[in-house]
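First up is the structure itself, then whatever we jot down about it.
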Amino acid sequence: MKYTEIMVRYGELSTKGKNRKDFIARLGGNIRKSLKDFEDVEIHPNRDRTHVTLNGTDSDAVINRLKKVFGIQNFSPMLKVEKTMEAVQAGALEMMKEQLKPGMTFKINTRRSDKEFAINTDTMNRELGGFILDNFPDNDVKMKNPDITLRVEIRSNGIFLTSEVINGAGGLPVGTAGKGMMMLSGGIDSPVAGYLGMKRGVEMEMVHFFSPPYTSEQALAKAKELSGKLAAYSGSVQFIQVPFTEIQETIKEKCPEGYLMTIQRRMMLRLVVALAKQRGGLAIFNGESLGQVASQTMESMLAINDVTTMPIIRPVVSMDKNEIIDIAKDIDTYDLSIMPFEDCCTIFAPPSPKTHPDLEKTRYFEKRIDVEGLLERSLAGVKITNIRAEENFMNQNEEVFAELL
């Protein structure tokens, strides 16, 4: 079916009162960013809905992009026809040939904003319904809960037909809740946490700790590609690569084995807070799930959080692993996440880390390292990459990977 327009309906934006205009403007901008490479597409936001004019662009490709734009409740692909009954019948016939199977029921639902159009809604419903029945004798009209509702919108600039309502991603437009810093490892949990934060309107920057030669180029490429998966929900994301080798080596050399993980996490948090202050971040996000590993007990969280007063948000904190995995599969990050490349959270991991670290002991052992000097040198080596939706990094490194095998 060659559709001419897609009508986008809003979700929670209807509750935003005086801020509604700003939310709609942000959503319009996010839709533009998502559809940037479709040069002929036009986006027209207004108070109640946004109209995406296709101008010959493949509707299926645009629909696949719109499904990942947060702030959209649902949308409908539409066919624009001339303002004559003959044109409406021809368009409806084409649409029903594709969608109305034998035995299915239907109804016509007409809205007429152009009151100068001669045919009123009742007449349109009756005449168009009769026309479809004549052409599809194996089908019946059903006014309540039909299989297909053919909607007819009579506007000043034409008549628009649609019979599909496609669910959107819901949530709030990315950017309406401010900026957050996502501590992105290569695992299953942190991409899901990033996705959930973005769904609540957070513009997320991905912070990844990289420890060569202990972590490989494959691990870095995997983290970048995971960021590309998440960028599909915002158009693009900033990927911040933070060198962490010296810090890990120093902690391993000077601190007790049981406290390695706790002190490493404190240093990570300090670095992310510093980046947030530089870049306008309002909160730190991570993929911690309570009790899942040693660093995710409440005692560990208390000892780690001690280094900052900035909010730390854990979107998956109360989820079971299977719940997190289900979301990871839905957003297409799971297969990437389980690729067996070590990240900096797994190297130097002690066999028996403290699950209930003492805060005072943590502070005492941490005094053995030059915290400020280590932070300064790490921040000096930060690299930032703008990553577009679904951008591929694993294939770019195929030759490097082959040499390592």
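For all residues, glycine too, the Cβ spot is worked out from N, Cα and C.
Between the candidates Arg155, Arg265, Arg266, Swiss-Prot assigns the ATP site shared with Met183, Leu184, His208, Phe209, Gly287, Gln296 to Arg265.
Sequence-distant neighbours of Gln296 (ATP binding site) (same chain, 6+ apart, CB under 8 A from its CB) are Glu288, Ser289, Leu290. Counting other CB atoms no more than 10 Å from each candidate's CB, the binding-site residues Met183, Leu184 peak at Leu184.
Under a cutoff of 8 A between CB atoms, and with a sequence separation of 6+ in the same chain, the neighbours of His208 (ATP binding site) are Leu184, Ser185, Leu220, Ala223, Lys224, Ser227, Phe239, Ile240, Gln241, Val242. In sequence order, Ser295, Ser300, Ile304 constitute the residues six or more apart from Arg265 (ATP binding site) in its chain with CB-CB distances below 8 Å. DSSP assigns Leu184 (ATP binding site) to coil in the three-state reduction, placing it in neither a helix nor a strand. Mean predicted confidence for the domain 'THUMP' (60-165): the pLDDT average there is 95.
The number of other Cβ atoms within 10 Å of the Cβ belonging to Phe209 (ATP binding site), over all protein chains shown, comes to 26.
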